[in-house]
Amino acid sequence: MATSRDRLGTLEAEGSSGRQGYSGVEVVLSSDPATPAPLCPHELGPTLLFVKVNQGKEETRRFYACSACRDRKDCNFFQWEDEKLSGARLAAREAHNRSCQPPLSRSQCVERYLKFIELPLSQRKFCQSCQQLLLPDDEEKHHEHQVVGDVSITQLKRPSKLLYPLENKKTNAQYLFADRSCLFLVDLLSNLGFRRVLCVGTPRLHELIRLKESGGTKSNIRSLLLDIDFRYSQFYMEDSFCHYNMFNHHFFDGKAALEVCKTFLQEDKGEGVIMVTDPPFGGLVEPLAVTFKKLIAMWKEGHSQDNSQKELPIFWIFPYFFESRICQFFPSFCMLDYQVVDYDNHALYKHGKTGRKQSPVRIFTNIPPNKIILPIEEGYRFCPLCQRYVSLENQHCEHCNSCTSKDGRKWNHCFLCKKCVKPSWIHCSICNHCALPDHSCKGPKDGCFICGELDHKRSACPNISTSKKVNKAVRKQKQRKSNKMKMETTKGQSMNHTSATRKKKRRERTHQYLCS
């Protein structure tokens, strides 16, 4: 699920920095389990706990917000962690949440699907306006809508071709793999010997695996799709699709869907399964990592203690500039040089002159890179020194002892920085590191918000308790000033009122005297 060019600069800054961008908002991963998170209005499951940080100048205060939406226009849910809600407000929120749920339950969708495939071709219709398969009884309600007729079984097996992509870049970012990218992944998974694929946010890959399985081609791979788009519920049985939010590990259909996923992962004692995920690039790495670790723990439950050191194989498709953040949570991961460029409905990430070299999309995996063969015909070669496939432009650096390029271009070695850098970067003597020629030397720096050191974050700062005390004192002082100003304003207004009353009475006495 890719994102647009106008977001890449922001995302690269966030990915390469030591914190969540420069907005001063961080995810709180360890919330109190005894206090369940509230649900956001559009029913994407439990919210996440965040904290605002302003370089240690103000006391931090936690708040709940939507797990999937980074834009308040998409989901305006906001609640302070310590905020006490009235019973009336809680009841109103619950009623609103119920009104925002999908119109059909999971069992109703399955029941309708079974009826739909039994219909003759002439009666199989799909409403593009409502994004819904229509049964004969539904046609009257949709007679003014844009309806597609003669929906074939082949079309039903490719629902992503029927459904309009959800292209909200910060929430769904549903940019779909082209068949070319999917075929490469399917062939790679097959060559690696996997028999089951857990597709987390990869509906096109799920479709192609199922097509190969049912099409008589040599494929013994099965797949299960976990996706936040509830529209897929009307095309799959319960054992093929689970409505799921990867940002908070929430199964919308409860324990039944959870058991489907668990059974799929633990089949054959967990052997022969891999997870492939393509999250929205605007999503936060931290909650995704927490979710994936929960899926890994679910997979490990089916293992014996002898295999406790094994890892669930994973392909995480994400921009290369998030490498350090991903490896922070998964140290065993490495980034492949393969550039995922083919997204059907994306203007930039397509194969051709404007495609591959501009794509930041890579595959992060815990599978040894020497086992993964990349296509030579697409411009990849095997580096015998690194023991992995790399792009042709990615030259081996004898000083770094590695093929160092991340973006497909030839990088240059900087002897002052003691590492390879992008060809467009130069060494800045003021900043003492390489950067773009027109960079600002006074720009924001990585490291701790409180003390400025680079070796730790704000949450691990030894001065955090002192900072909190100072912030608390500053906050109290501000509160006292505010209260004093209010009192002075009130007092001034009272004195002005008394003075005006006295003047009025004086005028009245003078008037009476003159008239007498």
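Glycine too: its Cβ is placed from the backbone N, Cα and C atoms.
Pulled from Swiss-Prot:
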- 40-84: zinc finger (ZN_FING)
- Cys40, His42, Cys66, Cys75: Zn(2+) 1 binding site (BINDING)
- Gln174, Tyr175, Leu176, Phe177, Arg204, Asp227, Asn245, Met246, Asp278: S-adenosyl-L-methionine binding site (BINDING)
- Cys383, Cys386, His396, Cys403: Zn(2+) 3 binding site (BINDING)
- Cys397, Cys400, His413, Cys420: Zn(2+) 4 binding site (BINDING)
- Cys428, Cys431, His439, Cys441: Zn(2+) 6 binding site (BINDING)
- 446-463: zinc finger (ZN_FING)
- 472-484: compositional bias 'Basic residues' (COMPBIAS)
- 490-499: compositional bias 'Polar residues' (COMPBIAS)
- 500-509: compositional bias 'Basic residues' (COMPBIAS)
Task = Helix, strand, coil: count each for the residues of the zinc finger (40-84), based on DSSP.
result = 0 helix, 13 strand, 32 coil
Key: Distance, Cys75 (Zn(2+) 1 binding site) to Cys420 (Zn(2+) 4 binding site) (CA atoms, angstrom)   = 42
Task = Determine the mean pLDDT over the zinc finger (446-463), rounding to the nearest whole number.
result = 63
Ask   = Reported as an integer number of Å, what is the Cα distance between Cys441 (Zn(2+) 6 binding site) and His413 (Zn(2+) 4 binding site)?
value = 21
Alpha-carbon distance [Cys386 (Zn(2+) 3 binding site); Cys400 (Zn(2+) 4 binding site)] in Å = 11
Note = CA pair His439 (Zn(2+) 6 binding site) / Cys383 (Zn(2+) 3 binding site), Å rounded to integer, equals 34
Inquiry  = Cα-Cα, whole number of Å: Cys40 (Zn(2+) 1 binding site) versus Cys403 (Zn(2+) 3 binding site)?
reply    = 45
Rounded Cα separation (Å) that holds between Asn245 (S-adenosyl-L-methionine binding site) and Cys403 (Zn(2+) 3 binding site) = 36
Inquiry  = Measuring Cα to Cα, how many Å separate Cys383 (Zn(2+) 3 binding site) from Cys66 (Zn(2+) 1 binding site)?
reply    = 44
Key: Cα-Cα distance linking His396 (Zn(2+) 3 binding site) and Cys428 (Zn(2+) 6 binding site), given in Å to the nearest integer   = 25
Remark   = Rounded to a whole number of Å, the separation of the Cα atoms of Cys66 (Zn(2+) 1 binding site) and Cys431 (Zn(2+) 6 binding site) comes to 38
Ask   = Can you tell which of Arg204, His396, His413, His439 has the most other C-beta atoms within 10 Å, given these are the binding-site residues?
value = Arg204
Ask   = CB neighbours of Cys400 (Zn(2+) 4 binding site) within 10 A?
value = 13
Ask   = 10 Å Cβ neighbour count around Cys40 (Zn(2+) 1 binding site)?
value = 26
Ask   = Just the number: how many Å between the Cα atoms of Cys386 (Zn(2+) 3 binding site) and Asp278 (S-adenosyl-L-methionine binding site)?
value = 27
Query = Given Arg204 (S-adenosyl-L-methionine binding site) and Cys403 (Zn(2+) 3 binding site), what distance in Å do their CA atoms have, once rounded to a whole number?
reply = 32
